[in-house]
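Straight from TrEMBL, the features:
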type: DOMAIN; residues: A:7-419; note: domain 'TRAP C4-dicarboxylate transport system permease DctM subunit'
type: TRANSMEM; residues: A:6-35; note: transmembrane segment
type: TRANSMEM; residues: A:56-77; note: transmembrane segment
type: TRANSMEM; residues: A:137-164; note: transmembrane segment
type: TRANSMEM; residues: A:170-196; note: transmembrane segment
type: TRANSMEM; residues: A:217-238; note: transmembrane segment
type: TRANSMEM; residues: A:274-295; note: transmembrane segment
type: TRANSMEM; residues: A:307-329; note: transmembrane segment
type: TRANSMEM; residues: A:359-383; note: transmembrane segment
type: TRANSMEM; residues: A:403-423; note: transmembrane segment
Amino acid sequence: MTVTVALIVLVAMLVFGLPVALAMAVSGATGLYMFGGWPILQGILKTSPLSTANDYEIITIPMFLLMAEFVIISGVANDLFRAATVWVGRLRGGVAMATALAGAGFGAISGSSTAAAATLASTSIPAMLKEGYEPKLACGVVAISGTLAMLIPPSIALILYGIIADIPIGALLIGGIIPGIIVTFTIILTIAFLVWRDPSVAPVGKSYTIREKFASLNRVGLVLILFFAVTGTIYSGIATPTEASGIGAFCAMLIAAWERKLSLTNLLRALRSAAQTTCMVLFIILGAHIFGYFFTLTRVTNDITTWVGGLDASHGMILAVILLGYLILGFFMDQIAILILTVPVVLPLILDMGYDPVWFGVLVVVTAEVGMVTPPLGMNVFVVARYTRRPLGELFRGVAPHVWAHLIVIALLAAFPAITLWLPSTMR
Amino acid sequence: MAAPGEPQLPLNAPSAWLARVETVLVALSAIALAGIMCTVMLDVVLRYVFHAPLVWSYDLIGLYLVGAVFFFALSDTMQQHGHIALDVFVPLIPFRLRHAAQSAGFAASTLLLAAITWLEYGQAVQALVADNRIAGIVPFQTWVAHAVLALGMGVLVLRCAYRTLFHALSAVTGRDMVELPPPPVTSTAGLESAE
Amino acid sequence: QEVTLRLADSLPVGHYMTTGVADPLMAKTKEMTGDKVAFEHFPAEQLGKAKDMLSLVQSGVADIAYVGASYSADKLPLSSVGELPEAFSNSCEGTKAFWSVAKPGGALDVAEYQPEGVRALAVLVLSPYQLFVHGDLAGIGDVNGMKVRVTGAPKIAAIQKLGGVPVNVPGPEAREALSRGTVDAIAFPIASIKPYDLAPHIKTATKGLNFGSFVATWMISQAKYDSLPEDVQKALTEAGEAATLNGCEATDASTEEDFKFVAEQGVTFVDLPAADLDTLQGVMSSVGDEWAADLDGRGKPGTDILNAFRAGLKSE
Ligand code: NA
Ligand code: NA
């Protein structure tokens, strides 16, 4: 009964367009009040807001967002995309494939999927539309390519999973590399399939000489600097993964200044924008905490896991049920909220079945990626819509083929843990 | 209604007054954000090059700065429609019902956030009186963290109360009298001018 | 069942502090009351983070909570007395001395727990932290200039007094930091070496020294305690005392195994020269004295509590 009321409040507030964070906080608080009255509710309200913010490790979120802001200001994102276009050359759908490559490249320096989608949307969509790409295809590839940033290290999602699950973040980040490459090629293959099926959706690209190809790389040096600032400092031990995000932001700021693009106005706008996005993310996490404590106190999460754990089914079946649950949650919920809500309850079950937590983390993040581009709550699609002003329905349809391709990748990663675990195992 | 990508301008005097407070707070949030970036950078350089890291950076960032970034940006982010909301169903809902429901939703939110603000204010006073400090090399006082939360959340309470009132007024008068998020554009116009 | 109690902690499921203290506490309470009491266990931060636990038990969200002294040092600064590098070399010595001041009616209970409205049911002081070094450690002088991952004010002060450079690294990144040289050494309880998989990145380590420790308490609010039937109160108190003993004995037993395991992984435990041990003892007791003086200066009975704890250590 209590749970039903809380869920009704949640759904009603979401449908009427109230902020997701408020919807979760109010519905969770309603449930807590019905469960234990004011004493219990005030107990939760006294602790969860401050402890959402009193956390050193959470700085990866604002730092990577700030870094993305500086990268856009500096023009490096544009250069990266242009170089990829030149190298892919005259293939039909080449610019779309270049978008996937640029997404992977930007993923290697940024940990935030929405930041990556924003960067790609502002650089590659105008270029594709100018060349006569079908808008649906152009926007779809941008929305899905943005998700590469949360798989290819560094990744906020993987770092957050590591913090929640209390497992080494280094192994997780390394574990994301090969799946990230696989997803990149899956996106490219999906584009190839789409243009083969209907060549009218994308034109053939321009061809470039070898000289032009190498000339396009001269600006990629700046991206390499950022790559070493973030990923390099982690591997060399100069800094921890958490600190590397701050170093990345600082170096991106220096690059923007070096390129003479960093005016005081630009700097303030970047800081404010990153602060706002951080605030949005943390507010949703806070709402998810309040809602999550309500679910925990009423033993709902416990009952669900007990139910799943008690299923008379093979481990593979249980894993499939869990992943299906993540897909369904991804339709409606923010990925970070999903991680915080579910990992503490699901992970013990996974460990019980003898699965590897690093492998599961990567699997969960790939599955969560799908949620970034599925309706009704698909953060990356929203970001693309904000930059392009295209109708949401068209964007969701445009990204659909990539969702199907993604499901195949998930099945592959689930069936063959070695794909994920081989690279971390060489690090010992 | 704000145009996509453009800042939201206040629609009336109470909103404008609140927006001024929000601008001051979000400036502090931005400074705190820059502070985190510089502190981390300085800490790593001092440790790696000079073997002398800042002993207070971890506590300063974790206790004060992240909170300042988060809570001081809360209300400004609300005013600028930065808090993600589902916009899929909203256009399908009749005007007066939509505004009435939003007014109710913001009223409930105001109540909850006011409770949080009040509880945090109490904890700030308590921590100040008891001189509670963390066990760090620099024993930072904990009341500051509570006070930052209470202040940022308090302004958000005012913003939500404002939304409650003016959504209700919109429902009564049948006119938009409150800031609304930019609409999803369904025409194909404006493609070339996309940022 | 007439009474249901919610027990909350921030420890991973199956953690040794849970199996050593919380589980026996719950089991014995149930046994003594003839299953009149039922427990709902919320592990792994399900109700809040480690630093929220004191507040959660005060507000009644949790009835019993695992409160780490260093996580709540803002509200319970005196409880850190058990984390000082004092003269004890295993968990039971530290735990028994700490229990003598923390148990209801003890000096710490009067000074700190009663004003906060809470009551300790059980406590555990871990085996003292040792220094685990990526490279060589021949004498205590080698600590000079070493970057050491260490948390908590008294432990940081101890490392600083030896010339070490304290570095704050989040727990999940500790292994990364040690293997890549972000830090040269780590001050850790031996029991954490295996779960964090640190042994492959350690060459030398100390044994039998005390670089400080960690104090865990299982608290109930006094109001909740007073509201319980008398037989349940009695059961909780007795079960708590038994669980305290059980916890430290289990910790000491596994400490021996942990040392063996770490040694088998190729870590050399060094015996420091006698002169070093004398130096160390002087340095470490000055850490405690300064801790107490600092609290005295803030109007809290630091010296009284330290003296009571030291008396407890002597009487063991
Ligand atoms: Na990334
Ligand atoms: Na979704």
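From the backbone N, Cα and C atoms, a Cβ is placed for every residue, glycine too.
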Checklist entry - Average pLDDT across the domain 'TRAP C4-dicarboxylate transport system permease DctM subunit' (A:7-419)? => result 87
Item to check | Stretch with greatest number of CB pairs under 8 Å, the transmembrane segment (A:56-77) reference, A:6-35, A:274-295, A:307-329 candidates | outcome: A:274-295
Item to check | Positions on the same chain near the transmembrane segment (A:307-329), where near means CB under 8 A and six or more residues out | outcome: 338, 342, 346, 349-350, 352-355, 363-364, 367-368, 370-371, 410, 414
Checklist entry - Looking at the stretches A:6-35, A:217-238, A:274-295, A:359-383, A:403-423, which one shares the most CB pairs under 8 Å with the transmembrane segment (A:137-164)? => result A:359-383
Checklist outcome for this item: Under 8 Å Cβ-Cβ from the transmembrane segment (A:217-238), and at least six residues away from its ends along the same chain, one finds 67, 71, 74, 76, 79-80, 82-83, 105, 108-109, 153-154, 170, 173, 244-245, 247-248, 250-252, 255, 259
